[in-house]
Amino acid sequence: MTTTVLPTGTALPPATVLPPSVAVAPDDSWLGPWPASTRPAPHGDLTVGGVSLTEAADRFGTPVYLLDEDEIRARCHAYREAFPEAEIHYAAKAFLCRAMAHWAAEEGLGLDVCSRGELELAVTTGFPTEHMILHGNAKSPDELEAALRLGVGRIVIDSPAEIARIAALVPHGSRQKVLLRIAPGIAAGAHPAIRTGTVDQKFGLASTDGTAQLAVARVLEQPRLELVGLHCHLGSQITSVKPFVQAVRRMVGMMSWARQAHGVVLPELDLGGGHGIAYRPGEEALDLRTLAVRVQAELRASCATVDLPVPKLLLEPGRAIVGPAGVAVYRVLSVKHGGEGSGATGAAARHTFVAVDGGMSDNPRPALYGVRYSPRLIGREASAELRPAHVVGRHCEAGDIIASGVPLPADIRPGDLLAVPASGAYQVSMASGYNLVGRPPVVAVTGGSARLLVRRESLADVRSRDVGL
Ligand SMILES: Cc1ncc(COP(=O)(O)O)c(C=O)c1O
Ligand SMILES: N[C@@H](CCCC[NH3+])C(=O)O
């Protein structure tokens, strides 16, 4: 895996001049890397949601994450339209703050939560707990206790041991709705670390060796558990419809088995999330409409084949709701050129390194999965020719790389601003305290105004947790 080295394929000769027009926002497609509201503005600026990115950088400091509220709402709406009979639960792990929970609720989405933190933050916004699904391959006793106390709608059982554990927490006279997470034996997802549909990994119960079948029987024996359906989540950043169609077939097969073996007709099928987005110009996203047509048609057909009533479909998209709505803005802190000779890859090359004031502490995805982004200069007209540069973070690791070989003006310099599209998912939510630089603020933009949702983590925040000497 090439996560900590610069890929040799991007080592363009220093003299290579790329075509003068970088793919300029806005992208026509709502699945493009920039939010649909993105517009060019004077002096090389861009606006998103009517808000100037350079003004936002000045007002909130950098790095800063902007979320286009209308884009998020439109994406929630698009899911509801594409799957009119399904329940759509936004996967909070992609990004959660109170405003995000509020938008999801207002747009008629439920919430997939996987920790007590996510659950209780959403509860503080008044998010209805009956529209929440609790996940987790290792739920703690206090998480389960909180979920039951607060009335979470469904709990997804992810291991045999959980069955009796959850049942024991359900008060006398009531029943908890549960789904069983199945590992359907399908390999899909952009990186091995985010493929969760295969049978030999930590999520779900394998249907190939009888583990899942035994778990169905055990759940049905528990009078305080109501088995409402089966769940699977294949993985993340999947850009093809095929694995989802295959999953429908396998899951319906399993539901058919449950009826034959136990006489139960399970009313729900949860297919999880995993819908891929474009991170760079020209990259493919999963097409929502095609997904909707193919999955719903397969569900009807598979059920008809085994004479099962069509279950209610549940989906849990995270990235596809919030990812394309986010833009990260960084300030350049230093520009330097690598020396002649071998770099981290061992290949002879001389690269330009543009270092910004954030990096793997606000976006660990490049270091985790070897992915690369497509930053662009904002805030000044650049007449210099475009040359390939590596945009790197400020952290103490050579693998802290945001982009490789992206075209930037040859006179890029400290003080310049770089904006990175498709930054709404799994960046702020996976931000860390590395090097104690402080996690960045999150700002909502809509209708020409910007409002702070999550403030920057300060030295005072860090000090307040540090209680010993
Ligand atoms: C159970 C479950 N549901 C939904 C999601 C959301 O995935 P994505 O953000 O790729 O749509 C995840 C994360 O991959 C997950 O683990
Ligand atoms: N964190 C991953 C996706 C995994 C989603 C959680 N199951 C990403 O950044 O792409």
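From the backbone N, Cα and C atoms, a Cβ is placed for every residue, glycine too.
Model, not experiment: these values are computed from the prediction.
Over in TrEMBL, the protein carries these features:
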DOMAIN    70-322  domain 'Orn/DAP/Arg decarboxylase 2 N-terminal'
MOD_RES   LYS93  N6-(pyridoxal phosphate)lysine
BINDING   GLY274, GLU316, PRO317, GLY318, ARG319, TYR426  pyridoxal 5'-phosphate binding site
BINDING   ARG319, ARG365, TYR369, GLU397, TYR426  substrate binding site
ACT_SITE  CYS396  active site, proton donor
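Ranking the binding-site residues TYR369, TYR426 by C-beta neighbours within 10 Å puts TYR426 at the top.
For ARG319 (pyridoxal 5'-phosphate binding site), the nearest of the recorded positions by C-alpha distance turns out to be TYR369; the candidates were TYR369, CYS396, GLU397. GLU397 (substrate binding site) is 34 Å away from GLU316 (pyridoxal 5'-phosphate binding site) when you measure Cα to Cα.
Using a 10 angstroms CA-CA radius around GLY318 (pyridoxal 5'-phosphate binding site), the recorded positions that qualify from LYS93, ARG365, TYR369, CYS396, GLU397 are LYS93.
Compared over the recorded positions LYS93, ARG319, ARG365, the count of CB atoms lying within 10 A of a residue's CB peaks at ARG319. Other Cβ atoms within 10 Å of the Cβ of GLY274 (pyridoxal 5'-phosphate binding site), summed over all protein chains shown, number 31. Looking at the domain 'Orn/DAP/Arg decarboxylase 2 N-terminal' (70-322) alone, the prediction's average pLDDT is 97. Around GLY318 (pyridoxal 5'-phosphate binding site), a 10 Å sphere centred on its CB holds 25 further CB atoms from the protein chains shown. A 10 Å radius around the C-alpha of CYS396 (active site, proton donor) takes in none of the recorded positions listed as LYS93, GLY274, PRO317, TYR369, TYR426. Annotation note: TYR426 (pyridoxal 5'-phosphate binding site) sits in a coil segment as assigned by DSSP. Same-chain residues at least 6 positions away in sequence with a Cβ under 8 Å from that of PRO317 (pyridoxal 5'-phosphate binding site) are, in sequence order, TYR79, ILE88, TYR90, ALA91, GLY273, GLY274, HIS275. Here the C-alpha separation of TYR369 (substrate binding site) and TYR426 (pyridoxal 5'-phosphate binding site) works out to 12 Å. Reduced to three states, the DSSP call for ARG365 (substrate binding site) is helix.
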